[in-house]
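Colleague: Sharing the record's features from TrEMBL:
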TRANSMEM  A:15-34  transmembrane segment
TRANSMEM  A:65-83  transmembrane segment
TRANSMEM  A:90-109  transmembrane segment
TRANSMEM  A:115-136  transmembrane segment
TRANSMEM  A:145-163  transmembrane segment
TRANSMEM  A:196-214  transmembrane segment
TRANSMEM  A:235-260  transmembrane segment
TRANSMEM  A:280-310  transmembrane segment
TRANSMEM  A:322-341  transmembrane segment
Amino acid sequence: MRLEPIAAPSLARTFTPPALALIATVVIASLLAMIAGANPFGVLGLIVKGAAGSTFALLETLNRATPLIFTGLAVAVAFRARLWNIGAEAQLYAGALVVAVLGTGLLGWPSGVLLPALAILAMIAGALVLLVPALLKVRFGVDEVVTTLLLNFIFLLFVSMLLEGPLKDPMGMGWPKSPRLIPEARLPRMVDGLRLHWGFGLALISAVLVWVVQARTTLGYEMRAVGLNREAARFAGIPVNAVLIKTALLSGGLAALAGYSEVAGLKGNLTLDLSPGFGYTGIIVAMLALLNPLAVVAAALFVAGVFVGADSMSRAVGVPTYLADIMLATALLLMVVAILLTRFRVVRE
Amino acid sequence: MAETEEAQVVLRLDSITKTFGALTANDAVSLALREGEVIALLGENGAGKTTLMNILFGQYTADSGTVEVFGRALPPGNPRAALDAGVGMVHQHFTLADNMTVLENVTLGTRSLWSPRMDRAAARARIAKLAADFRLAVDPDARVGTLSVGERQRVEILKALYRDARILILDEPTAVLTPQETEDLFATLRKAVALGLSIVFISHKLHEVMAISDRVLILRHGRLVHEGATRDTDRHALAALMVGSEVTAPRVASGTPGPALLSLVDVGTPDEGAAPGLKSLTLTLRAGQITGLAGVSGNGQAALADLIGGMRAPASGTLALGDTPPARWSPRAAVHGGIARIPEDRHKTGTVADFDLTENAILERYMDAPYSTRGWMHWPQAEAATRGIIDKYDVRCPGPGTRIRLLSGGNMQKLILGRVLEAGPRIILANQPVRGLDIGAVNYVHEQLLAARDGGAAVLLISEDLDEIMALSDVIHVISEGRLSPPFARGSMTPAELGVWMAGHGFEEERAHAS
């Protein structure tokens, strides 16, 4: 057996395999729920209900999707240029750190100035965190997978050190957390009375902007060319190293916005459990979205929905929340195969 | 050889048919190879030669038909079966480990992984005997990375013989050889035939086919269109059968040389691994002239092409466009300096496979108006320009939105031609512009180069095909180990004389004369 590329995939060919992948994911999740001793239809129903069954559930899902959109975009932008940024987690914390340090009264500006300023400074911080591995890559050929991955641990320990020391809230009863932000540094709610902050709106705008950059600007064209064929890009005169650096700055900045929106929008201060792996989950989101920035939004909503729904289901029937991780892993693996099948057909020899 | 009529048939392909979707790659092809015989398999690219050999070696399974070696049918789809039955293949691209010695390469894979040690003495003796029997002079302890192309090919043949091959299949074996090395190869093949081996010789080069083969088979569009004794035919008849209509050799009038558009004076570049850099090289490209660069591959052609294409700056010496050296030398400086660059490898460097035609057509000029202004792309303008290229250069494709990986090599090359020629270049760097193309596309590319020359462009044609160089060039240089021969005017040298230079002789005398 081998794979043969399909010249012009039909509509059915484009949509059937991903749909089958989703159905297969649901079937496998049901089987696992049965093994755990629950009624599979009940479990799935509870997950859907927990993710989108009420206004509260829906808002919870949107809130959870917000950082995933940012980290998903960060990964999608980098991977598109074949810059393997596994360090969105560190960049997220860099953005969060900026807000936690400067948003507690150090800058006494009105909200309309302070919030954009914090966003820009957070992006710069995240960009700088990814700039180091990117420079090591283009100057010395150091593998960025290793450097970005290891930087996550270094950065998390650095944040931990700060939270135990200079950043520790004196009123925090000894917990390692930073002081609360001033009200001017908090992102307002999108709709009065609904628990959804403007971080979500910023995430949607970012997705559209990233799409515009990729599809309509020379930088986006350069990034795609560098990602698809570095040698041809260099031959054509595209400054490959400069493009990789610009990609790193954009990617790091996007990931930092996840930290910004979590601290300024949701939490109000910085703790070590700010991100339950949003940086890593961003890779899943980006892959599910085929690195398309608009599809990142849909993928982030799906992933967030599974997590939030599984939490709620677990509380109701006692099936472990690990089911959510298994569902996502299954969905990712099946989706990768499904996407292969939209572009290739299997030929039996 | 009249007695071959009675000789035993060692390899028989019987009405092999293979289709890929709508394409019939092999249509009931039958072939019989007799003991001690050389048959030549001729055909354009895409005629089905490779498919046929892949079926023989079990890479593909035929839709119908059978393969028999020494009277026994081979099971379909089993790559080991042909090897075990005594068929050896020498590929166009060698499959040798550069960091191992000849002895290790030859014995590689012939011993069980579990046997504690190999008997080097016995292996060495066997290789020495094979080398003597078949006139394959090569040092068994030399590291393959240090060997010349011709020597590596001998190692490949030794590998096949060491595995007791009685049938040798040679895929375009002379493409990378100098005329002298080709003669050595032919001596080996004649020796092999005398010792009872049988050979399938796949080639484009008609004079070699005439020189070495007993019978010629021609494939066209997957069908066997001719089978007959070599002595009963001639080159013109074979060429006509290959393309399906009588081909006339291009009758090229000489160009009228104008002013120097690009000059290199005493240019040097550092060596890169095994690839030599340029050694104090001086070259002038004149308007209205095709300058041919002949040479065996890997002798500095890549360094020269990189230099003129803007991929690297000279480490010493000067490069000047017209009579001004450019302030900064880069691919963009080269493109904007009026250099049309047709790269050697259109898949790896010339195009981005998963970009569509439009995105590929603007690859060198996406930063310029009208394709973009102030960082914003203008896709409608880019697409309109691409449509223009598709029409004018007859690029066969569904449309400008097609991914370029789906195009044939010839159509890909036409798009590259359109991309670089539409800008009205003054200098054309054509690096292996027809490699791997069928005859129709070859003629098209050559016509375009000649038209550009007659329009006043300076053309540098780099090719390993001496026939192509001699047919098109107004002036010929030979490159060897990064050194450039003096210019030879059209018609002043025979292929054999150029071959002496290609083998690296003559340069020292030249230096002695100069000093």
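Note that Cβ sites are derived from N, Cα and C of the backbone, with glycine treated the same way.
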Colleague: At least three Cβ pairs under 8 Å linking the transmembrane segment (A:235-260) and the transmembrane segment (A:65-83), pairs spaced 6 or more in sequence?
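Modeller: By the criterion, they touch.
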Colleague: Top stretch among A:15-34, A:65-83, A:90-109 for CB pairs under 8 A with the transmembrane segment (A:280-310)?
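Modeller: Most Cβ pairs under 8 Å with the transmembrane segment (A:280-310) come from A:65-83.
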Colleague: Report, as numbers and ranges, every residue of the chain located at least six residues beyond the transmembrane segment (A:65-83) whose Cβ falls under 8 Å of a Cβ in that stretch; write 'none' if there are none.
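Modeller: Those are 91-92, 130, 134, 137, 144, 197, 199-200, 203-204, 206-207, 210, 214, 223-224, 226-227, 230, 243-244, 247-248, 250-255, 257-259, 261-262, 265-266, 275, 278-279, 281-283, 285-286, 289, 291-293, 296-297, 299-301, 303-305, in sequence order.
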Colleague: The transmembrane segment (A:115-136): which same-chain residues, six or more beyond its ends, come within Cβ distance under 8 Å?
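Modeller: The answer is 78, 83, 85, 87, 90-92, 94-99, 102-103, 107, 109, 142, 144, 147-148, 151, 155, 184-185, 187, 202, 244-245, 247-257, 259-260, 264.
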Colleague: Which stretch from A:90-109, A:145-163, A:196-214, A:322-341 shares the most C-beta pairs under 8 Å with the transmembrane segment (A:15-34)?
Modeller: A:322-341
Colleague: Considering only the recorded stretches A:145-163, A:196-214, A:322-341, state which has the highest number of Cβ pairs under 8 Å to the transmembrane segment (A:90-109).
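Modeller: Comparing A:145-163, A:196-214, A:322-341 against the transmembrane segment (A:90-109), the winner is A:145-163.
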Colleague: Restricting to the same chain and to residues at least six past its boundaries, which positions have a Cβ under 8 Å from a Cβ of the transmembrane segment (A:196-214)?
Modeller: 59, 62-63, 65-67, 69-70, 73, 76-77, 80, 119, 187-190, 220, 223-224, 250, 254, 257, 260-262, 264-266, 292-294, 296-297, 300
